[in-house]
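Below is one structure, written out as structure tokens; the observations come after it.
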Amino acid sequence: MKAQQTELQDLPPGLKRELLPKHVAVIMDGNGRWAKRQGLPRIMGHKRGVDALKDLLRCCKDWGIQALTAYAFSTENWKRPQEEVDFLMTLFQRVLRQELREMVEENVQIQFVGNLNALPRSLQEEISRSMAETKDNRSIRFTVATNYGGRQEILQACRAIAQKVQQGLIQPDEIDEAVFERHLYTAGIADPDLLIRTSGEMRLSNFLLWQMAYGEFYITETLWPDFDRVEFHRALCAYQQRERRFGAV
Ligand code: FPP
């Protein structure tokens, strides 16, 4: 296992290192609207969305945030026009291929969560390769939710546990939160402390339903391709003002 070799940058004014979230999740909304405002086809918004995501990953790493999770494609996104779905699948594959070397050099661990079996075979292969080549990297854990749905994730965990009960491997009264979490796609990843959603929508949209039980929400009107370090700084400042009580007084 590689040590965490990252050289942390000084934080911008107003941020306290000890209050940084350990894990940030993002719903990258507004790519289509961004493109429309520029008079461009929707797919151009997704292309610019990739640049915004790359910048955010670098920023998290520079500032010492240990995990970033991005909602790239939901189980409901298949309902989009076929050509947009095809474009997104090709984009994911191309970006993975282009960025893998840098992720290895930068000590980034990438992993994918979701029902990956339903993705195009060539994308599945690229995903497996990138996960295998970065599995020992420790500067930041970057999780991409692809063909992900929170309800589906919970259902498949239930099925897996029910099978173990049927086989006598576990007793029903042994099923607690820890056992359940081990059967989620996100097993081994700490819950997000902060979820950022761009473009003003105030919904969870089937993202990390179990994991966001105590996570803080930050909603901004900014469209995803315009979400930059200044915006992220603002989100972190707002987060650091919150008092997290986890149900206590
Ligand atoms: C939502 O905007 C965005 C998406 C469904 C796609 C997000 C994907 C990326 C930014 C690419 C990530 C790439 C990798 C390799 C992880 P929208 O289309 O719903 O925008 P709208 O609400 O304005 O229509």
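Counting begins at 1 with the first residue displayed.
Keep in mind that glycine also has a Cβ here, set from the backbone N, Cα and C atoms.
Summarising the annotation, TrEMBL assigns active site to Asp29. Look at TrEMBL and you will find Asn77 tagged as active site, proton acceptor. The Mg(2+) binding site annotation in TrEMBL covers Asp29, Glu216. What TrEMBL lists as substrate binding site is 30-34, Arg42, His46, 74-76, Trp78, Arg80, Arg197, 203-205.
Positions of TrEMBL features highlighted on the structure.
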| residue | record | contacts (Cβ under 8 Å, 6+ apart) |
| --- | --- | --- |
| Asp29 | active site | Arg197, Thr198, Ser199, Glu201, Leu223, Trp224 |
| Gly30 | substrate binding site | Gly45, Thr198, Ser199, Gly200, Thr222, Leu223, Trp224, Pro225 |
| Gly32 | substrate binding site | Arg42, Gly45 |
| Trp34 | substrate binding site | Gly45, Arg48, Gly49, Leu223, Trp224, Pro225, Asp226 |
| Thr75 | substrate binding site | Gly114, Asn115, Asn147, Tyr148, Gly149, Gln152, Asn206 |
| Asn77 | active site, proton acceptor | Val85, Leu88 |
| Trp78 | substrate binding site | Val85, Asn147 |
| Leu204 | substrate binding site | Gly150, Leu195, Met212 |
| Glu216 | Mg(2+) binding site | Pro21, Asp193, Leu194, Leu195, Tyr239, Arg242, Arg244 |
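For ligand 1, the recorded positions lying close by, meaning a CB under 6 A from one of its atoms, are Asp29, Gly30, Gly32, His46; the full candidate list was Asp29, Gly30, Gly32, His46, Arg197, Leu204. Cβ-based neighbour count (10 Å, all protein chains) for Arg197 (substrate binding site) stands at 23.
Trp34 (substrate binding site) falls within a helix when secondary structure is assigned with DSSP.
DSSP gives Leu204 (substrate binding site) a coil state; it is part of no helix or strand. For His46 (substrate binding site), applying a Cβ distance below 8 Å and a minimum sequence separation of six or more within one chain yields Asn31, Phe87, Leu88, Leu91.
Look at Thr75 (substrate binding site): DSSP puts it in coil.
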